[in-house]
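Everything on this sheet refers to the single structure shown next.
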Amino acid sequence: METSSSRSVQVDDWQKNYSVVASSICTPKQKADAYRALLLHIQDAYANSEISQVFATNLFKRYTEKYSAIIDSDNVVTGLNNYAESIFALAGSQQADSDKWQSGLSINNVFKMSTVQEMMQAGQKFKESLLEPADASVVMCKEPTIFEVPQLGVCGGSEEADLLSSSVHGTEKTQAIPGNSLRCSPFQSTLFPMATNTKTCLTSSAPSGESTTATFHRTPLFGNTKKEPQSFPKTSTGLNMFLSNPSCVPSGCENPRERKAFNDSDTINMLSNPTLNKAPSKTEDSGQREDNSLPTFKTAKEQLWADQKKRSHQSQHTSKSFNGAIKKSLGAGRSRGIFGKFVPPVSNKQDGSEQNGNVKPKSSRAGSAEPAHLTDDRLKNVEPRMVELIMNEIMDHGPPVHWEDIAGVEFAKATIKEIVVWPMMRPDIFTGLRGPPKGILLFGPPGTGKTLIGKCIASQSGATFFSISASSLTSKWVGEGEKMVRALFAVARCQQPAVIFIDEIDSLLSQRGDGEHESSRRIKTEFLVQLDGATTSSEDRILVVGATNRPQEIDEAARRRLVKRLYIPLPEASARKQIVVNLMSKEQCCLTDEETELVVQQSDGFSGADMTQLCREASLGPIRSLHTADIATISPDQVRPIAYIDFENAFRTVRPSVSPKDLELYENWNKTFGCGK
């Protein structure tokens, strides 16, 4: 009977996959999955001797070729891209990618490419062929020549400017340029058609008395660009590059129209030959030059250093505007004398704002209510950085918790509603002796919902919830722990009503002894004083809720201040059933009421966390019943629902986390100090 049912399932799967393959509306991914399933069925049938070897070989070859046609196809519509999806998913989730990386490709690099250089040279050859032989009065050479201009006078009328000959790099002969070549020659008139005045000449653009470099870079029409060694002496006047500086217009072009035409022709020539649009760098005494090489690659770390330098320069400029005030600094910049003021290593956000007389900490998740609390008189003696730390890290902004989310512990929930939630919701009714207590202690075995009760108190009463631990209040600096405790209660008074939840309170308020460290003793003393001391007010609506698994280790003074001490026992049968029903309602489960009762009976002594682990282990039963080959091809709908046999297998691996000896200890402590039944 079982064999016939398995064969019918295989036939149904074969027909389903074959219909997917024959369909024209299915995606290549679905077809590839169907082909893989068919190949697996062929292998299983041959392994069970249901088909012959020849028939299995022919079928396997046929479907393998069809499967390969989909996998190896380059067509986007009919093929399956089995690499790009996973690669894009991995590349999209990389955290090390930085938007600070810069590309090494720029416009100057494009002009340095060999193909672009060939195109520019071809254009120059065509431009040269258009010139008449008589107009080619400018000497052209294969290598560029840098001419030194030691003296350049102002030309006017019959005066001419003589240029000294300059040495050419290498073994080439010196070439002299006559004075009239600086005037508007026919070659220059070709480049600048509107500048035809024969009386124009170049003038120095440098003001009198300013020392500049008198070098003239002439870019050739052919050949590579080279420079002469910059070992020439400085002169009193300088000549900027003729084609790259728009201010170097002929002195004779005093007409605005001629000057405009000269600038327009200069721009056109620079666009036609981009290599002429590079101004030479100024020569310094040290002989340093401007680096024209390819831009170097900057990593995210180098870019971060550059940004930090920019911010430091900006902060220096900003600090100078504060009436010459000196900003506090750490490290080598501070005074090391015996009379120097000590600057604490902990960053104080108030230092930068003391000069202006106000405090401006960063905005936190508390929203728009934070500025109103920072101006409160109760926070005037609290450091702003501690207020910011409490608002950002200690204040809890999690989802709300309802009483229905907590299974069992009906007595504890009713007591908490009576003495905590209702007084916080209606403080006008619960006054005087009806006022809420200052502290509540929730003790019991682990995994019974003590933390959920603390969150539910804050959610249902509309109070601000502070979740702290011993690590959030301790510090390696002397006196910082007490300040943090004082700041915590100061912020809580500004955020009334407030609930301060301390998980594992025995680690923070343990019994004080002779061998205890001084810093931990001061933190405990400050906490007890803030909880119920001479400076506290009876009108403060601040509730301290502590949860612990070891109530016998709490200090006597802390136990006295935690007035209501409620025992949170293990969940009863009804509570365990509620946990199982709630968890199984989110999964595919076929448990009957009788089977659920059996699970509840067998889970006697389990905590709430143990019941959750039991259900999680049972939910893995249907997955474990599958074969390894079926996991790769099976769909989620084909996974069978959770059955009672899965819970039976889960009971073999999941054990209760609380021993009867521990339960006896909790019950004895509850009889001695507890406030429950």
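Each Cβ is built from the backbone N, Cα and C atoms, and glycine gets one as well.
Noted in Swiss-Prot for the protein shown:
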REGION    203-232  region 'Disordered'
COMPBIAS  203-216  compositional bias 'Polar residues'
CROSSLNK  K226  SUMO2 cross-link
REGION    249-324  region 'Disordered'
COMPBIAS  264-280  compositional bias 'Polar residues'
COMPBIAS  281-292  compositional bias 'Basic and acidic residues'
REGION    337-378  region 'Disordered'
MOD_RES   K341  N6-acetyllysine
COMPBIAS  347-358  compositional bias 'Polar residues'
BINDING   A407, G447, T448, G449, K450, T451, L452  ATP binding site
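By a simple count of nearby Cβ atoms, those within 10 Å, the most crowded of the binding-site residues G447, G449 is G449. Cβ neighbours of K450 (ATP binding site) (same chain, under 8 Å, six or more residues apart in sequence): L442, F443, G444, A547, I568.
Among the binding-site residues A407, L452, the residue whose Cβ has the fewest other Cβ atoms within 10 Å is L452. The ATP site is set by A407, G447, T448, G449, K450, T451, L452; from the centre of their CB atoms, other residues of the chain with a CB within 8 Å are I406, V409, I453, I568, G608, A609. Take the binding-site residues T448, T451: by the count of other Cβ atoms within 10 Å of each Cβ, the lowest one is T451. Secondary structure at A407 (ATP binding site), as computed by DSSP, is coil. Secondary structure at G449 (ATP binding site), as computed by DSSP, is coil.
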